[in-house]
Amino acid sequence: MERNVKRDERRKGGEEGVSDDEPDELTPYIVVIPSGEGSTSTKNQSRSGAVQPTEDSKLLFDDTVAEKNAFRAHDNTIPTAIYSLAKNGISPPLTLFLPESLERIRSSNVKTVKHGTGESTKVTVIDLSDFPDEDSLDLGTWCTCYNTSLTFIQTASGLRIFQGFAQHYNQMLADPGLGVWFRAYCYFDKRIRAQFFTKPYIVDIQDDEYRSALQSAKNTFLMSNQPTSSATPSSNRGNSGSGSHKDKVERTRPYDHESSSRRKEILCFRCGRTGHGAGSCKEVNPSRHGREFVISANRDGLFRISDSRAVCMGFNCGKCDASGRNHAVHICSLCGDAHHGAVSCTRN
């Protein structure tokens, strides 16, 4: 009806060619609400179905608040919820720095839990069980998350603290064997961060405690991933067709006295037998009669009995060629020879 009235007015004004079939014009819809006219009577409210804010109510979106923010195509800010974790002595897991995790936290799409005891239970933090486990990260994703976590450390810490973490991260990346040692580094790094957020300190990659803890992490990793007895040079036993060849193979497999069905069991670096690791070895004598134990073993690794020096498990697995003043000694854990590791040993 409104457009027909406008057409009649145009015709009366002398405009020619005004057609009833011409396309409609789209005009902006602008509503101007003068200051102080935001309230209406109860009668008007019931007719319109809309409830207007009262004079003393606050705006839902205030200009002064909005002016401090801006649209971000790529939001790289660290949510305050992560700072809250750190402030309360909780080490933020690296999975919080996944892009999808950050987006969830920024949009408050997370669960929360009360933290602490007594008065401190009034503190509410995000529920970490609502996020993936840090151990689920692969190397590439772990590096991406770590870079973002360094941004967090940089904004929340002093310069020397940030530099310490940056050097720690760079040293891990500089290890050519990072792919092999990745899980050991993950375990070691979690210890570094957990202790920092409990009692802040400056990470020093040259410190003996740091080096010892890293070696211990590698030893623990190797102890849980020891090579199988089939990885030894004599793994082809049983394929011989003559007695002389069989005797030769037996001499190169002094630690495998099990049946063929047990060839894939792990090799103990302490006693030379199969079926258990060095850390759980309870044998009172080595596998070869007349020999003595060269090393002792515990959850921290292997240690030479004669001087208590750490023995490199990587060398005994045939995986390590590193050297250095603080590096574990390279000797065979079964016979003490410095020219081969336990997996290549032919004597005990």
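The chain as shown is numbered from 1 upward.
Placement of Cβ uses the backbone N, Cα and C atoms for every residue, glycine included.
Per DSSP, the secondary structure of the compositional bias 'Basic and acidic residues' (1-15) breaks down as 11 helix, 0 strand, 4 coil. For 1-15 (among others), the entry in TrEMBL reads compositional bias 'Basic and acidic residues'.
As annotated by TrEMBL, region 'Disordered' applies to 1-55 (among others).
The compositional bias 'Polar residues' annotation in TrEMBL covers 37-51 (among others).
The annotation compositional bias 'Polar residues' is assigned in TrEMBL to 224-233 (among others).
For 224-259 (among others), the entry in TrEMBL reads region 'Disordered'.
Annotation source TrEMBL lists compositional bias 'Low complexity' at 234-243.
Under the heading compositional bias 'Basic and acidic residues', TrEMBL lists 244-259 (among others).
What TrEMBL records for 268-283 is domain 'CCHC-type'. The average pLDDT computed over the domain 'CCHC-type' (268-283) stands at 85.
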- Can you tell me how the residues of the domain 'CCHC-type' (268-283) break down into helix, strand and coil by DSSP? 3 helix, 1 strand, 12 coil
